[in-house]
Amino acid sequence: MKEIKNVAVIGGGLMGCGIAQVFASCGGLNVNIYDSFVPGEKIYQRIRSNLSMLVDKEVFTQYSADEIVSGIYTFDRLEAAVKDAALIVECIPENMELKQNFFKELEPLCGREAIFATNTSVMSITEIAGKAANKERIVGTHFWNPPYLIPLVEVVKSDYTSDDVMDATMEILKRAGKKPIRVNRDVPGFVANRLQHALWREAISIVERGIADAATVDEAIKMSFGLRLPVLAPMENSDMIGNDLTLSIHSYILKHLESSTEPSPLLKEKVEKGELGFKTGKGFLEWTGEDMEESRRRLTEHLIKMVFNK
């Protein structure tokens with residue numbers, strides 16, 4: 001496939017702006033953003049805000065931040081935004097019919113070799129490609145939020161995605177400084193969300209059963225295996241301690257772990273009572289405005305330190 005020089009991002013929301021910033025940061029790419037609802041100035045505002053924080057942390061100079069912004073162009077007409085793009089990254093709302101119809105509309109506007117990437121966290125890539133004529137060009141790219149800080153992108157192969165499209169997508173993401181992983185089967189949640197929600201299910205179950213309260217569960221994770229996860233993940237850890245020991249532990253403990261295929265009654269109860277977390281000031285924990293601001297600040301500073309060593 002031809003070298004990718006032009007990228008179009010569809011959607012000027014938080015994810016779309018962040019993804020456009022990622023591609024513009026690597027140099028040598030022209031990046032277009034299309035959104036018929038969000039004004040161009042609002043898009044630039046979001047990107048400048050992201051970059052301002054990174055300039056403050058000395059990840060970028062102000063000059064390089066300005067260069068990144070100058071490589072991003074906004075459009076309110078889809079045809080103009082995608083005309084010369086070799087990669088189109090769709091960041092529209094998580095609605096199956098909306099995504100299917102978008103790719104059907106997109107096909108006649110682009111060259112035959114253009115790659116169509118859909119940014120979704122859980123939806124079936126095979127189903128999203130369902131109405132397209134050239135299904136082999138559609139690939140899943142699950143960027144994690146915020147995309148300009150989280151390195152991982154899950155590149156998901158549908159039942160139709162060609163190997164050439166998978167390879168080219170992996171390559172451009174590496175060029176953009178990301179850490180793409182190849183997901184060989186299109187399953188709900190792909191890889192990382194399946195792992196994440198398995199942990200969340202058990203954490204909520206522990207609270208629900210009165211084994212420990214919510215704050216204690218979080219503390220247990222943060223102060224134990226959570227500390228080593230960036231350098232010692234499950235498969236390597238199992239090899240380190242010995243797979244025979246892992247087998248022995250699993251033989252005893254797995255039968256005692258939460259295995260429900262339905263959401264926790266406690267979680268449902270909290271939603272019914274309006275205890276939504278940051279949105280309402282109370283969830284599993286209670287949150288003041290200052291608490292929420294501090295939590296977000298800690299997260300951002302931690303990610304910048306981990307990813308950029310700043």
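Every residue number used here counts from 1 along the chain in the order it is shown.
A Cβ is built for glycine as well, from the same backbone N, Cα and C atoms used for every other residue.
All annotation found in TrEMBL is predicted automatically rather than curated by experts.
Summary of the site annotation: TrEMBL records NAD(+) binding at G11, G12, G13, L14, M15, G16, D35, E94, K99, S121, K279. Screening the candidates N145, N309 against this entry identifies N145 as the one listed for that site.
Put simply, the two farthest-apart Cα atoms among G11, G12, G13, L14, M15, G16, D35, E94, K99, S121, N145, K279, the recorded binders of NAD(+), are 27 Å from each other. Closest to H142 (site 'Important for catalytic activity') by Cα-Cα distance, out of the binding-site residues G11, G13, M15, K99, is M15. For the recorded site, N145 (NAD(+) binding site), the DSSP three-state label reads coil. Across the domain '3-hydroxyacyl-CoA dehydrogenase C-terminal' (189-287), DSSP helix (H, G, I), strand (E, B) and coil residues number 60 helix, 3 strand, 36 coil.
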